[in-house]
Amino acid sequence: MMNYDRILIRYGEMSLKGRNRKHFVTKLKKNIKFILQDFTKIKIEADWDRMYVLLNGEEAELVMTALKKVFGIQSFSPAIKTEKDIDAIRSAALHIIDQAHIPGNTFKVSARRSDKKFEYNSNALNHAVGAHILINTEDIRVDVKKPDINLIVEVREEAAYISGQVIQGAGGFPVGSSGKAMLMLSGGIDSPVAGYLTMKRGVNVEAVHFHSPPFTSERAKQKVLDLAEKLGQYSGSVKVHIVPFTAIQETIHKEIPEAYSMTATRRMMLRITDEIRKSREGLAIVTGESLGQVASQTMDSMYAINDVTSTPIIRPLITMDKLDIIKIAEDIDTMEISNRPYEDCCTIFTPPAPKTRPKLDKIIMFESKFDWTSLLNEAVDQTETVMVSCRNKKGSEEDLF
Ligand code: ATP
Ligand code: MG
């Protein structure tokens with residue numbers, strides 16, 4: 001068993017932001033605490049430029065798996081803390097090599113000394129530790145270019161830390177550090193990816209989904225909740241606002257010329273999302289739109305749809321190719337869910353030939369012939385909110401952000 005006693009966490013990008021740093025560190029600590037709440041023995045120590053998860057007997061591997069999904073972490077390393085004493089450092093280093101080493105492996109020592117008063121400089125440390133390992137380990141060689149094991153030795157003011165690996169974190173900013181936005185979440189491939197990328201920038205995302213029973217099934221709704229659950233892995237939980245959209249779609253079908261029904265549908269969705277955003281105190285709307293992908297995503301369409309609000313609309317995928325989007329969907333494990341066959345509300349009502357170049361004055365004219373206000377208000381009033389938690393444990397539905 002590897003007796004690492006802590007996980008050392010590096011912040012990366014967020015440490016560049018001097019002014020907001022304290023806020024970010026506090027947020028990150030809170031998020032890590034939340035994600036690791038099942039590990040009851042751990043303690044978290046936050047520094048200006050580092051964080052330490054003290055394991056107190058919890059298993060390093062499990063804790064690290066959970067940490068991989070926390071935004072705001074650049075990288076982390078399981079580490080052993082020792083006194084700033086060369087013998088203590090050497091024996092901790094040897095211990096790590098003993099655990100990790102397979103005969104024939106290569107290694108190197110990467111020492112850093114931020115405590116300049118420590119008697120060994122980094123070069124001398126590399127040699128002192130490296131020699132100790134070579135003498136006491138069978139069948140191991142040094143390879144400074146591509147070692148199997150990169151042994152990291154850091155001598156800091158308060159102590160020395162020794163680690164055998166650096167694991168890449170999720171990057172980005174801690175969720176919740178950049179405010180709140182409403183994600184228009186369909187059951188498709190794109191919008192969950194858009195949500196993920198926005199969360200990665202530190203935004204706390206709540207989902208809005210338009211549901212048109214009986215034209216769309218319970219399974220279509222469940223699909224969206226399952227997608228939200230995947231996103232919840234990055235934040236602990238995600239709220240999903242489910243908007244009953246049938247009456248509006250039927251009315252559009254009746255009142256708006258077919259070529260403009262798609263444009264009208266999108267405008268209604270955006271208006272409703274914006275209303276929900278106001279009541280939830282969000283500052284932006286996120287969509288999975290990607291330029292040119294479908295009729296609703298031409299420049300003309302976006303111009304005509306976007307007209308209903310001046311709220312910032314975040315479109316993380318706008319310039320991305322489908323294959324790149326799919327790659328992310330696979331990485332975050334949403335692809336399989338998105339591929340389930342259930343129809344969503346738009347597919348069902350989409351006319352065979354929606355206008356790819358709708359005109360703003362025309363859609364305004366068509367909409368003006370009918371009073372939509374009560375229908376919109378009704379949809380907002382009847383919206384059902386579900387909290388989707390990535391953890392199925394009872395009593396974990398605490399609102400983190
Ligand atoms: P996606 O893969 O996200 O469904 P798409 O390529 O199918 O996107 P559209 O159907 O034109 O494209 O939808 C564009 C965007 O509108 C979606 O990415 C999503 O943000 C939003 N949207 C579409 N349908 C719904 C819905 N039923 N509920 C909520 N938002 C939706
Ligand atoms: Mg879609």
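Every residue gets a Cβ built from N, Cα and C, even glycine.
TrEMBL labels come from automatic prediction, so no person has curated them.
The ATP site in TrEMBL is built from Met184, Leu185, His209, Phe210, Arg266, Gln297 plus one of Gly171, Gly172, Gly288, namely Gly288.
Listed binding-site residues: His209, Arg266. The one with the lowest count of other Cβ atoms within 10 Å of its Cβ is Arg266. With all protein chains in the displayed structure included, the most crowded Cβ environment within 10 Å among the binding-site residues Met184, Leu185 is that of Leu185. Checking the binding-site residues Met184, His209, Arg266 against ligand 1 with a 6 Å cutoff on the Cβ atom leaves Met184, His209, in sequence order.
Other Cβ atoms within 10 Å of the Cβ of Gly288 (ATP binding site), summed over all protein chains shown, number 24.
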